[in-house]
Amino acid sequence: MEYTNYTRVTEFVLTGLSQTREVQLVLFIVFLSFYLLILPGNILIICTIRLDPHLTSPMYFLLANLAFLDIWYSSITAPKMLIDFFVERKIISFGGCIAQLFFLHFVGASEMFLLTVMAFDRYAAICRPLHYATIMNRHLCCILVALSWIGGFIHSIVQVAVIVRLPFCGPNELDNYFCDITQVVRIACGNTFPEELLMIFSSGLISVVCFIALLMSYAFLLAMLKKHSGSGKSTSRAVSTCYSHITIVVLMFAPSIYIYARPFDSFSLDKVVSVFHTVIFPLLNPIIYTLRNKEVKTAMRKLVNRNILCKEK
């Protein structure tokens, strides 16, 4: 559909999370504290996996990539949100909005594809243990991670290509603290039903299909592990890892399905879900995984203690 004779909007106004000054101050303290506490934890996970010679398994390589994507994902919206708590008129340029939208979907989709790769890694480790090292070699891991990024890039380009063609001739207020397709499409002029349907299909349906496929995969893996429940520590560790992965999958996909797998109408829970989807859950994902992994926790303690002792000496 071609749109002509419309005045181009040069900026959008964000409503933010609250209009009350006191509430904004409380939210700033809460989110800044959370961001400054959890962000270094994710960086520590990456450094630990990179520096510890015992954490060379493909699973840890993928975990480090997950932590990196989650840091990037939360940093797309969190810094501006924190700054806007002290700004009376919260604005973002049209180009800035498109850039934020692009990176949000690029990193978000890349993470979804990476979680699929992590599920395949667990399948190889549990169902093909004797061939695991051969199947999940470093070369294949790098290729799979690169394909995750390429898939995320293609997905995001589709979103941006649709958005930039929409006409914006009237209101330029977005009812959120960041730019996303649901708010931008909502204020576009003319009939946007075809574009909305395309985005629901490309974002919502993909989220639903991947979510169901991943849950079924982990259900199958857990059933396989129960058959070998007498194998001792290795089995219990594998079960714990699967439950950690399932938790991350639910935290990642449930908000995404709520936001994108429905018509882009406004609901009271939208902002709350968006905060958890773009800031809280991404930073928590690697932490949740690490809390159930003794090897990573031990390696992290060694790394911290070694650096503290070196500084004291």
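Cβ from N, Cα, C; glycine included.
Taken from TrEMBL, the feature domain 'G-protein coupled receptors family 1 profile' applies to 41-289.
The annotation transmembrane segment is assigned in TrEMBL to 25-47 (among others).
According to TrEMBL, the transmembrane segment annotation covers 59-78 (among others). Residues 31, 35, 39, 42-43, 45-46, 49-50, 100, 103-104, 107-108, 110-111, 114-115, 117-118, 121-122, 125, 138, 141, 145, 177-178, 241, 248, 278-279, 282-283, 285-286, 289-290, 296 of the same chain lie 6+ residues outside the transmembrane segment (59-78) yet bring a C-beta within less than 8 angstroms of a C-beta in it.
Sequence annotations record features per position, and here TrEMBL assigns transmembrane segment to 98-120 (among others). Beyond the transmembrane segment (98-120), the same-chain residues lying 6 or more positions past its ends with a Cβ under 8 Å from any Cβ of the stretch are 59, 62-63, 65-66, 69-70, 72-73, 76-77, 80, 92, 144-145, 147-149, 151-153, 155-157, 159-160, 163-164, 178-181, 184, 203, 206-207, 210, 213-214, 217-218, 245, 248-249, 252-253, 256, 278, 282.
Same-chain neighbours of the transmembrane segment (140-164): 58, 61-62, 65, 98, 101-114, 116-117, 120, 181, 184-185, 195, 198-199, 202-203, 206, counting only residues six or more beyond its ends whose CB sits under 8 Å from a CB of the stretch. Residues or ranges marked as transmembrane segment by TrEMBL: 140-164 (among others).
Here TrEMBL flags 200-221 (among others) as transmembrane segment.
Taken from TrEMBL, the feature transmembrane segment covers 242-261 (among others).
Same-chain residues lying 6+ beyond the ends of the transmembrane segment (273-291) with a Cβ under 8 Å from its Cβ atoms: 17, 31, 34-35, 38-39, 41-42, 45, 63, 66-67, 69-71, 73-74, 76-78, 81, 104, 111, 176-178, 180, 244-245, 247-248, 251-252, 255-256, 258-259, 297, 300. Look at TrEMBL and you will find 273-291 (among others) tagged as transmembrane segment.
Residues 66, 108, 111-112, 115, 118-119, 122, 180-182, 199-200, 203-205, 207-208, 210-211, 214-215, 218, 221-222, 225, 269-270, 273-274, 276-277, 281, 284-285, 288-289, 292-293 of the same chain lie 6 or more positions beyond the ends of the transmembrane segment (242-261) yet place their CB under 8 Å from a CB of it.
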